[in-house]
Amino acid sequence: MDQKQINFLQRKTVRVLTAGQVLSGFALGSTLSIGSLLASDLSGNPAWAGAAATFSTLGAASWAIPLAKLANAKGRRVALGLGAGIAISGAVMVILSAAIGFFPLLLIALVMLGAGSATGLQARFAAVDLSGSSSRSTGRDLSTVVWATTVGAVIGPNLFGPGEVLGRWLGLPEMTGPFLFTILAQILATTVFWFGLRPDPLLIAKEIDAAKGGTKAKTSFAAARESLRKYPVAAFALISIALSHMVMVSVMAMTPLHLDHMGYDLVVVGFTISLHIAGMYAFAPIFGLLSDRFGKVQTVLLGQVIYLAALAIAGFGSHDRMMVTIGLLLLGLGWSASTVAGSALLSETLPASEKTNVQGLSDTTMNLAGAFGGAVSGSVMAAVAFSGLNAAALIPVSAVVILSAVAQLRAPKKNPSR
């Protein structure tokens, strides 16, 4: 396959992944917003509201490495298609758990839905399988696919009203109607991934690498750890992605409950989460371009600066809905800058034979960090209120700022993007 054919396949791959991410995004808003309220309602304890984010991120963490191994063996098409398919079963189980009033089943359902998140995270890496190691294109290609999540993720929470009407018409339990849209969207996403990713970008990339004399890919934890030891900048990227995700999940997970306690309905909650998700995804191409132009490490640091502003505004303005909404929007922007730049840095730092393995570990670490943030956020907010939760989130932000300075010193001077 010559370079012209590779470039054509790369453009096609990004288009297919973009379409799949648009559809997959519909599941995100329902899981984040309605999931936390369902957890609080079925458990009878508001402290369990954070369980929605915790178990969905635990699910994403548990599915990340198996899906990465599947991608390495069978290609992105099979891995992404299966991941979206598993998420369908999770959405069905959410509705069933509410129907029978069984809280443990909801937790299992959220783990299954986490496969959808793992699929979306892997899709961003799939966007750069054929990009090569050029620091001038990895951020652009990756951020385009991240951006695609915006459409479904922003529209999704605003379908809560119509979803409730449809759910009541079908006789479904309260708050489960929106998951009907999740099921439909994931079915379509599965179809797009399965039929659109032909030929498979990862399999083609491996063929190209093999033709150049590349080594055979390894898919073990020990191999991933060795890769991170050899490439410390990649280790920084992995850690910064994980800690940035923990900050976002811990604050975002408790915002619906905080607004509910303030007396606002699902429409307001959905609007707030929509803006937050818009911040996460809509401006991803901008951060992709910034990371390609000014450097990945610098863009990660920019994300932490935005986080500082978000936590200050949401924390000090915790009794003002508008301030909370602005804070959540900035929280999404900080996540976008950190995740896009960190993911691009991870992909361009590693050789082709080691990428998929470390990418899977990165997604697992990222989601475990998010699960931890979601798990402790309920207890933290119960103890020190929403403002205290925002203050506590400054700890991981400070850690990434310090690591950014170290990474900048360790990065090769000949490559300004790092």
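Counting starts with 1 at the first residue shown.
The backbone N, Cα and C atoms fix where each Cβ goes, and this holds for glycine too.
Automatic prediction, not curation, is the source of TrEMBL annotations.
Remember, predicted model here, so these are calculated numbers, not experimental data.
Pulled from TrEMBL:
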DOMAIN    13-416  domain 'Major facilitator superfamily (MFS) profile'
TRANSMEM  21-40  transmembrane segment
TRANSMEM  46-66  transmembrane segment
TRANSMEM  78-96  transmembrane segment
TRANSMEM  102-121  transmembrane segment
TRANSMEM  142-159  transmembrane segment
TRANSMEM  179-197  transmembrane segment
TRANSMEM  233-254  transmembrane segment
TRANSMEM  266-290  transmembrane segment
TRANSMEM  297-316  transmembrane segment
TRANSMEM  322-346  transmembrane segment
TRANSMEM  367-386  transmembrane segment
TRANSMEM  392-411  transmembrane segment
Could you tell me whether the transmembrane segment (142-159) and the transmembrane segment (367-386) have 3+ CB pairs under 8 A, leaving out pairs under 6 positions apart? no
I need to check the long-range neighbours of the transmembrane segment (142-159): which residues 6 or more away from its ends have a CB within less than 8 Å of a CB in the stretch? 14, 17-30, 32-33, 120, 123-128, 178, 181-182, 185, 269-271, 273-274, 277-278, 280-289, 291, 336, 339-340, 343-344, 347
If one takes Cβ-Cβ under 8 Å and requires six or more residues beyond its ends, the residues near the transmembrane segment (392-411) are 232-233, 236, 239-240, 243-244, 246-247, 250-251, 297-298, 300-301, 304, 307-308, 311, 338, 380, 384, 418
Among the recorded stretches 46-66, 78-96, 233-254, 266-290, which has the greatest number of Cβ pairs closer than 8 Å to the transmembrane segment (297-316)? 233-254
Most CB pairs under 8 Å with the transmembrane segment (266-290): which of 46-66, 78-96, 179-197, 233-254? 233-254
